[in-house]
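Visitor: Feature list, courtesy of TrEMBL:
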type: COMPBIAS; residues: 163-193; note: compositional bias 'Basic and acidic residues'
type: DOMAIN; residues: 19-91; note: domain 'Agenet'
type: DOMAIN; residues: 93-149; note: domain 'Agenet'
type: DOMAIN; residues: 199-267; note: domain 'Agenet'
type: DOMAIN; residues: 270-326; note: domain 'Agenet'
type: REGION; residues: 1-31; note: region 'Disordered'
type: REGION; residues: 158-193; note: region 'Disordered'
Amino acid sequence: MSSNSKSKPRTTRTQSSPTPFKPGTHIEISSDDVGFRGSWYLGKIVRRVSSKDPTKFWVEYSNLFSDEAGNDPLQEILNANQLRPTAPREKEREFKFGEEVDAFYNDGWWEGTITDVKNDGKFSVYFRSSKEQIEFGKEDLRLHREWICGEWKPPLEVEEEEDNKKLSTKSKTEEMPDKGADEKVLGKRKEPDEALPEVKFSKGTVVEVSSDEDGFKGAWFAAKIIEPAGDRKYLIEYESLRTDDDKEFLREEIDTLHIRPPPPETVMVDSFNRLDEVDAAYNDCWWVGVISKVLSNSRYIVYFRESNEELQFEHSDLRLHQDWIDGKWIAASRGLKS
């Protein structure tokens, strides 16, 4: 996609402060590499790279290795905004349809949404980043939480906090199921258990289009279908993005994994709650975020996990987030009432 034809969120947002880490601290590590966005891997701090730069750390992964034999733990130098403390987790929890969860898969925690509760106690989880749907047992799930300004949102229940303090001092690798040595090298993933059906669009259909391009992850642009463009691709025309010479609206070929119908407007709310997952209208498109603070006069602070930034919005610029999964719209569970 042509990045000079799109406008990504400006850096005027308030960024969350980096968390100071000491050598030996157990952490979770994110990646900006294609195919690994939305995942968190267990690791620990080896040391700060330089005393003059508090934002870079040498880290060592717990479950990823630099060799095929699995003897040498992978080490990398990463920015502080890619690191966070190990996420808290309830001892027992009944998961529900539509909840945002992290699923332990291929040696890391992957963010997804529960799309089906099976009779055998398993759960179907849809992963927005890869457009895959896979079944998990509850032992491989935890409620999804965001590390925002030095706090976990949503927090653990009060009775769980003391137990979590004890757990956070140990490596979480003891709790994780063994996935096999063949999956312990960075970059290897299983095939999904369920293939999602292809959705066909007719000429002139109004759609929304996403991008995996850096700086636009989590954004959906309004467009319309011009014509099919080969196997699982369509030529689309954006409603608000124009060519570099500004003479006409921008057209691109997009694969069906990045095209969906506009979400229905039937999910309307008088006010949003803290931790509601929303889409925010900004720079000619919708950006996926989370309500981090409810202000007065129908104003909200929205946190964007992809850029680790916050921005203020009016109620009219927000809508409850929904995911297009297996040909159906699935609304995320609501957050906490004030």
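Cβ from N, Cα, C; glycine included.
It should be emphasised that the depicted structure is a prediction, and the values quoted were computed from it without experimental measurement.
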Visitor: Could you give the number of helix, strand and coil residues in the domain 'Agenet' (93-149) as assigned by DSSP?
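Guide: DSSP composition of the domain 'Agenet' (93-149): 3 helix, 34 strand, 20 coil.
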Visitor: Do you know the DSSP helix, strand and coil residue counts for the domain 'Agenet' (270-326)?
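Guide: Taking the domain 'Agenet' (270-326) as a whole: 3 helix, 36 strand, 18 coil.
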Visitor: Could you break down the residues of the domain 'Agenet' (19-91) into DSSP helix, strand and coil, giving a count for each?
Guide: 3 helix, 40 strand, 30 coil
